[in-house]
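The structure appears right after this line, and notes come after that.
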Amino acid sequence: MLADILIPLIKKNWMAFVYFTPVLFVVLYLLKEWRAAYGFNNLGQTVAAPFGYERKTLPYNKENCARTKFLDGKSLSIKNRDQCGDLYLQRSGTYKEIVLTTPKQLMEYYKSNSKNHSKLDSFGAGAFLVALLGECLGFQNGSEWLSMRKVFDSFFTHKAAVENFPVMIDYISEWIKDLDTEQISDIDPLQLVSDLPFTCIAKYLYGSELCSKQFLQALKDLIPMHTELMHYSFLTVAGRFKIFQYFPSKKMKQVSQFQRQFIDLSLKQVELSRQSGQETVVEKLYRHVESGKFTFNNWIQTIDEILFANIEVTSTVMAWALVEMGSNIEEQNRLRCEILKVKEQSSKDDFNKETDPMQRYMKLTDTYLQYCVWETLRMHPLLWFSFPEISSETLFIDGIRISPNTPIVVDQYQINYNSPIWNPSDKPKDFGKKFAPSRFENITLRDALYSQVTFGAGSRKCLGRNFAELLIKSELAYILSKYKVTLTEKVEFSKDTFVVQPKTKIQLTAL
């Protein structure tokens, strides 16, 4: 019956049909891309219902927050909490996501079967990020993630970080000696410290003795390109669409150029490791490619993730640590007194690298230095809203049933600032918003397990957190032992980055 109608119609208007058909296919393709461009396509199908009640939705912020949660997430968090309460939905592109804001909700989420939790295939960013890092460890889910994570975890344990600590200290102490006094006045703190984590982790991955100055410089020359590509992935609309990968655009050429140069540098270091007989982390990991444990792209893109993507995270926290010292002179002075006492002991004692009091001090977890690092991490999550995850099972959070495959994000501002543990009844109002490292004298990390999520929570915590903490402690210890840190500008948040970076200037004054 339908054919009897369509065939004469097509014969009569065949020219229009010829032109219209490809246009229709293009429109349908673009619609599909638009739906998929923001990750998991939910399109209002999320249903959250209290026990025993008819189906109904949670409070919902209909404004598109896909960019806002990166660029102005703190303001978005405060606004949403005031208007929507503790548990709500927000729009991110073409899908809705559940937002968790309390430690209790976070605990209920992560106490569900974590094997059923997975990241969105584009981290909620878009297809361009998949082209750059789509096969790295952080993008994997299920058995693939478990298999790869087990391998990479063995190289980033606390023990591995401690064993590599002398190499870190050697580089940082030389870096301090080489600081130009003309370059430490009115300087961007991120610019000041950004070289430290990159170089230290590169030396760990590729072997300290095999990392020539030329090789390290070649790696560092790739940083601006990678940073630009990451920002494009998260902060532009075009970066969300898969179709743009098939056009010879400037950005896709940059992706190819970066990957080609990075692969060439890394493979040369693998060959150098084998020729010299010196084992390195990168070479050991490459053996798993040769054995078929994971693919070449899994290997090279995870090294990229560790060295370029995650190092920006570490350098940002290191910059915030200096900003907090400049903002809180009393805390800075207390920390300096602790550091100088240890340094004085180091100058008197007869020691080797393994028994150096300064190195022993930085490994301890019950010092004011450690508390300052934890407080910096608490107050400065790298993202105000976490990357979205989904669960393949039905969840119950705050008595609300959450349908499977619903994107879930964590409001890290509310968790890190407003959790009850940071605001005890015997302290002033909004004590959680104050930089107070001494709070950790009576709080253990276990107590704060679901009240601080800078490095993530659950089984997918940041791979490099052990190295990051030691780097931040070393930075503070060596800088404060020689310099007083002061602010020369008002502290603001950078508006053109996907991680929450400080926008200010500091000055280092020799003691």
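For all residues, glycine too, the Cβ spot is worked out from N, Cα and C.
According to Swiss-Prot, the feature transmembrane segment maps to 14-34, an assignment based on sequence analysis.
Under the heading N-linked glycosylation site, Swiss-Prot lists Asn116 (among others), citing sequence analysis as support.
Counting Cβ atoms from all protein chains shown, Asn141 (N-linked glycosylation site) has 18 others lying within 10 Å of its own Cβ. Residues or ranges marked as N-linked glycosylation site in Swiss-Prot: Asn141 (among others).
Secondary structure from DSSP puts Asn442 (N-linked glycosylation site) in coil. The feature N-linked glycosylation site is assigned by Swiss-Prot to Asn442 (among others).
In this structure, Cys462 (heme binding site) belongs to neither helix nor strand by DSSP; it is coil. The feature heme binding site is assigned by Swiss-Prot to Cys462, with similarity to another entry given as support.
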Rounded Cα separation (Å) that holds between Asn442 (N-linked glycosylation site) and Cys462 (heme binding site): 25
Residue with minimal Cβ packing [other Cβ atoms within 10 Å] among the recorded positions Asn442, Cys462: Asn442
